[in-house]
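**Student:** Quick paste from TrEMBL:
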type     : residues               : note
DOMAIN   : 45-207                 : domain 'tRNA(Ile)-lysidine/2-thiocytidine synthase N-terminal'
MOTIF    : 50-55                  : motif 'PP-loop motif'
BINDING  : CYS125, CYS128, CYS216 : [4Fe-4S] cluster binding site
REGION   : 283-317                : region 'Disordered'
COMPBIAS : 308-317                : compositional bias 'Basic and acidic residues'
Amino acid sequence: MTDSNDAALKADKAAYEGNKLTKRLRHHVGDAINDFNMIEDGDRVMVCLSGGKDSYALLDILLGLQKSAPISFSIVAVNLDQKQPGFPADVLPAYLESIGVEYRVVEEDTYSIVKRVIPEGKTTCSLCSRLRRGVLYRVAEELGATKIALGHHRDDILQTLFLNMFYGGKLKAMPPKLVSDNGKHVVIRPLAYCREKDLERYAELRQFPIIPCNLCGSQPNLQRQVVKEMLNDWDRRFPGRIETMFRALQNVVPSHLADTQLFGFVDLVAGEVPAAGGDTAFDKEEFHDPQPVDEDGQARKRISILDSRPKESACGG
Ligand code: SF4
């Protein structure tokens, strides 16, 4: 085989893989939006853009869905320039101009506040994110946004689950949809079904102009790093485990946990119909290898954002 044939084959394969990846991510985002009713007709979605791979992918995929969705919603991208030293302030506006999306860059020097308030060597992230959240909520109100979209993905959600278990003594992850702590906004995470490694490959494929995330000089969260490595190690050794764990978050059986607030253990009496999920009490539980997971296959509900918009008839009806 000649070198040029070889190069053409490689290019074809790369194009095929890129296409498959794009479709997979689009379906994962569409399914999450449908399952949690994240975006409705008439919504104005504020997409928070940090300059990292995840938020670029989020914006890109939502813009793609917006073009064909059977519902109509608007998108406004928002970047908060926190005045970290070396922040390349021109990168995001140039990108957003180039794709023609409505956007707002908000300048707020939260960096100086964090540096002033937190003693040297202490972790700065919690105050920093609190300040950022406050600014973003204010901007959402100014822009009339009905939804605030964040770029957290499935790996973030699972990492948070384990962090809460290991360090917080709570069975709690990161919700795909929630009401903001000031009660005024609905926050959504449309990448909830997307894997980080897919988002990394997508960012390369689409050549997003990534802004490094360590400009603030903060130390990485070591606990999160350890949990991330643990999950990556499981993923290598036991393919499918990550998918199964995420499905577990969607199949909770309160009667088989031990939270007396969540399930009425205290008032339980004989003679009632067994709780859903059934209890075999004296039998040994049997576990099977997880079913192979179809990366694209999630059940859809209601009107799907992945459906095509109906074509208008010639008479405009
Ligand atoms: S890494 Fe830096 S910018 Fe990010 S939350 Fe922590 S302090 Fe803030």
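We number each residue from 1, going along the chain as drawn.
Glycine is no exception: its Cβ is also placed from the backbone N, Cα and C atoms.
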**Student:** Tell me the Cβ neighbour count for CYS216 ([4Fe-4S] cluster binding site), meaning other Cβ atoms within 10 Å of its Cβ, over all protein chains shown.
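**Tutor:** Looking across every protein chain shown, the total is 18.
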**Student:** Of these binding-site residues, CYS125, CYS128, which scores lowest on Cβ atoms within 10 Å?
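**Tutor:** Lowest Cβ count within 10 Å among the binding-site residues (CYS125, CYS128) is CYS125.
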**Student:** Using the Cβ centroid of CYS125, CYS128, CYS216 as the reference point for the [4Fe-4S] cluster site, which residues of the same chain not in that list have Cβ within 8 Å?
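**Tutor:** Output for this site, in sequence order: VAL114, THR123, THR124, LEU127, SER129, SER218.
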**Student:** Counting each residue once, how many in the motif 'PP-loop motif' (50-55) are helix, strand and coil under DSSP?
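**Tutor:** Residue counts in helix, strand and coil order: 3 helix, 0 strand, 3 coil.
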**Student:** Mean pLDDT for the motif 'PP-loop motif' (50-55), as a whole number?
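**Tutor:** When the pLDDT values over the motif 'PP-loop motif' (50-55) are averaged, the result is 96.
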